[in-house]
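The structure appears right after this line, and notes come after that.
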């Protein structure tokens, strides 16, 4: 299979040195993204497009390659093509007929040709010759250049002919690694996950910092969605996940700060801590999922007061987005279900929050706060690479594993719905229920408490994590299913 990758349009207007640097970075990223699927993958080209060639013939692996490329920043679109040496017009006609002849009977069509290089003919001459030949030989209803039912597309590059089989959309943006790096304040909800996606799509390596306000389930959920975002949109780069224990900080605010200023104070403490993390990691900006007046702390006066605690640039990609648009985007990128089942703690911190915070007043409230508490939180922060975050968490957990399902036991497939669809878990004589990992904690209580449940995932890591959490919650009827 050969693919021709067309770069994001804004890359093409850059200066020659910048353009070449971006293309080289994109080629490097494509190799990194597809390396595990084909170690012999070839990526060539350095100007306005890249040619990707693989010898893989397995249809499932090819589909996975295409899916990964559609989620790789820097790509405008890419083409599946069949490559041939460039022959005469009759040879071009024969190649197009071989690929499109069966589709043309009784239908209108158009021929589109693009060329690069010097030739003794024009693109229009190719289109006319091939179009008339296909109409004559394939029983087409006619030629329609405006709204054809079938498009016969090709590209001619020097002495090579590419007949285009299919076009796939790209993510756009710049290649990850070509721009600066940022730190995303991640709560795991709709807003922060979409904000992270927007930054990654634009081409910025996005690291994650999570402020744990007092819930192991919340931390696990945020780790899972951060891992998902990295795996789907940022896997070409090394990304960090930093978790900062903020329970003491919340306790200090609840006991020392006036109710109306609790929310603003909490956000200021988060920005202070995030700025310290960003400074240590030499990151260029902070990213939040805030939108104007979506909640009380996000009014302009409050945001202004919040930002005063840091000199680090704070980016808010969703600042004028409507909530429904954010939810729709989350659904499109695959984070909506994570967000829907994510525990939320921030909203309970203040009963009557101010929408017009005054700098002098918030400074007065913060004077009561023991900053040593914030320092301790930063000292206790943990840092992992996001690709290993789930595996490392599950390594030392002691959970009973079984290799055989006993009569009456139910196997719960907690894999992502995409994995469940691609490879359904079928066990003869065994009841299997699909309940994705991001929903298992919130929905397990709905299941029959008198039955025994075995959690299943491919590697056993995610199932061990969630079984351990459910056991800690008091559910004694859960184990891990690890078939031999």
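Using N, Cα and C of the backbone, Cβ positions are placed for all residues, glycine too.
In Swiss-Prot this protein carries:
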ACT_SITE  457  active site, cysteine persulfide intermediate
BINDING   185, 186, 267, 289, 298  ATP binding site
DISULFID  346-457  disulfide bond
DOMAIN    63-167  domain 'THUMP'
DOMAIN    405-483  domain 'Rhodanese'
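In this structure, the CA atom of residue 289 (ATP binding site) is 31 Å away from the CA atom of residue 457 (active site, cysteine persulfide intermediate). The domain 'THUMP' (63-167) scores a mean pLDDT of 96 in the predicted structure. Separation of the C-alpha atoms of residue 186 (ATP binding site) and residue 457 (active site, cysteine persulfide intermediate): 25 Å, rounded to the nearest whole number. Sorting the domain 'Rhodanese' (405-483) by DSSP state (H, G, I as helix; E, B as strand; all else coil) yields 28 helix, 16 strand, 35 coil.
When DSSP labels each residue, the domain 'THUMP' (63-167) comes out as 40 helix, 40 strand, 25 coil, counted as helix, strand and coil in that order. Of all residue pairs in 185, 186, 267, 289, 298, the annotated binders of ATP, the farthest apart have Cα atoms separated by 16 Å.
In this structure, the CA atom of residue 185 (ATP binding site) is 29 Å away from the CA atom of residue 457 (active site, cysteine persulfide intermediate). In this structure the alpha carbons, written CA, of residue 298 (ATP binding site) and residue 457 (active site, cysteine persulfide intermediate) are 39 Å apart.
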